[in-house]
Amino acid sequence: MAATSSNSERPQFIASTGNRSFSNAPLIENTDTDQIVVPDKTSWKNLFAYMGPGFLVSIAYIDPGNFETDLQSGAQYKYGLLWIILVASCAALIIQSLAANLGVVTGKHLAEHCRAEYPRVTNFILWVLAEISIVACDIPEVIGTAFALNMLFNIPIWIGVLLTGLSTLLLLALQQYGVRKLEFLIAFLVLTIAGCFFAELGYAKPDAAEVLNGLFVPQLKGSGATGLAISLLGAMVMPHNLFLHSALVLSRKIPRSVCGIKEACRFYMIESGFALMVAFLINVSVISVSGAVCNSADLNAEDQMNCTDLDLNKASFLLRNVLGSWSSKLFAVALLASGQSSTITGTYAGQYVMQGFLDLRLKPWLRNFLTRCLAIVPSLIVAVIGGSAGAGKLIIIASMILSFELPFALIPLLKFTSSKTKMGAYANSTAISAITWIIGSLLMAINVYYLISGFIKLLLHSHFKVLAVVFLGILGFSGMGLYLAGIAYLVFRKNKEATHLLALTTPESRQLANEQQGNASMYCLAREDIVSMQLPQRRSTEDFD
């Protein structure tokens, strides 16, 4: 039963429909039999009802882009960058939990909050950046799946790129069986990837003491270590995942009591922690296998050459030569499972981003087709011209793009979840706010430093004429200024809009709610749109009147 305010005897949570009536109904108004309903009682058994979104989110942490950077970091620096994976995984758990809390408490996902909070131009820019991040994430998935098909069936890379789009459409057809079965499929694929790489550990036999040293002793040795560290961070914490997680939690029908909200936030954190722990172990396994194989004493000259510029395709031949053919097949199966599961979650993220920022929805197959085209075209061009080596470099570039775009999703998330006008009593505590802002600031500082130092190095060592260098310098530093100005705008801009589903636990939030009560659009709670994107059955809005 929803708690009431001691002063005004009003419901603790308000959800206004067309007639602005108070309601104790769950966040998602849908009586569909496939809807996942959480019982209105406190019990640890409710955890099973919340299981699912974390595994869909964890896919982004074990996609082909992660494997590419993991392989290179292990080959070049052995276990020296494992601590980056540990730090990134801990930061990811905190950040993903904030995204889940935002959706649970407010009934709106991150993209919808951005549309309500920011001016139209800012909202459009954030949407464009979010779409670019989804395409940048999609490129490694396309190339990784093409590599896997090449390893298993000797299909040329460029043909594999084309086949990837078709295979994704087939997997999306599984939606007709309901969200729960899709979540089980994704969880099965995650565990398949884990099983494959744990088996690889048995083949490679890395030194346990060295692995532990790499995990808990921070170090950045060598000129390229910083670049790879940024790539690892970019591949681990992805911008589109924040939009995805805040929307996926809305697929559950949860009690809107104080205890119900707290339980949902707690169980989503536990569920996310378990899923991300599996992803963490997989990433550690990939780096450990790569580090053990490429630093083996009995490598031949060809394998040593492959280790200097290791990509997904070369890794298959390397594992086959050093550990045997079964090792190569296991790697290919894991890569195929990773690529295909990543495309499903990427499609959902794109749909939520478009619906949230533009209030525009496309059918999943059409949205997937457009995203596939944007990812397939550059991947196909690079695969045809540069071959597997060029495709591998494209994955690294895509990962770094994700890292640079992260602030434009992370800063709004931190601002919204720290705001009492949006989250009420569930706003971030001072300690959580400090930790998350430190994480975000460090990540942004590393990105800016690497961007500026890399650009200066490019200008100093380029063979352009002086006039061209000056022109490129002005253009590049102007772009950096815009990048920093955009970050500063998001950081220092004060939140102006109260959420349409607000925890009325402070005098300020009650006052804001009273002021906004005349605005029907602020209180329009139409969560069946999220459900219809998550589930195959669509219901008319008339059913919910």
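Using N, Cα and C of the backbone, Cβ positions are placed for all residues, glycine too.
Bear in mind that TrEMBL entries carry predicted annotations, made automatically and left uncurated.
The model shown is predicted, which means the values in this text are computed figures rather than measured ones.
Per TrEMBL, the features are:
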- 47-62: transmembrane segment (TRANSMEM)
- 82-104: transmembrane segment (TRANSMEM)
- 124-149: transmembrane segment (TRANSMEM)
- 155-172: transmembrane segment (TRANSMEM)
- 184-204: transmembrane segment (TRANSMEM)
- 224-244: transmembrane segment (TRANSMEM)
- 265-289: transmembrane segment (TRANSMEM)
- 330-349: transmembrane segment (TRANSMEM)
- 369-388: transmembrane segment (TRANSMEM)
- 394-414: transmembrane segment (TRANSMEM)
- 426-452: transmembrane segment (TRANSMEM)
- 464-492: transmembrane segment (TRANSMEM)
Most Cβ pairs under 8 Å with the transmembrane segment (47-62), selected from 224-244, 265-289, 464-492: 265-289
Interface-richest range of 82-104, 394-414, 426-452 toward the transmembrane segment (124-149), CB pairs under 8 Å: 394-414
The transmembrane segment (265-289) versus listed stretches 82-104, 184-204, 330-349, 426-452: most Cβ pairs under 8 Å: 82-104
Feature contact check the transmembrane segment (330-349) with the transmembrane segment (82-104), CB under 8 Å, 3 or more pairs: no
Other parts of the chain folded back onto the transmembrane segment (224-244), taken as Cβ under 8 Å at six or more residues beyond its ends: 56-57, 60-61, 63, 65-66, 68-70, 72-73, 76-77, 80-81, 84-85, 88-89, 91-92, 95-96, 99, 109-111, 129-130, 133-134, 137, 283, 345-346, 348-350, 352-353, 356, 396, 399-406, 408-410, 413, 443, 446-447, 450, 454
Non-local residues, at least 6 beyond the ends, that sit with Cβ under 8 Å of the transmembrane segment (426-452): 91, 94-95, 98, 101, 105, 226-227, 229-230, 233, 237, 261, 265, 403-404, 406-407, 410-411, 414, 417-420, 480, 483-484, 487, 503
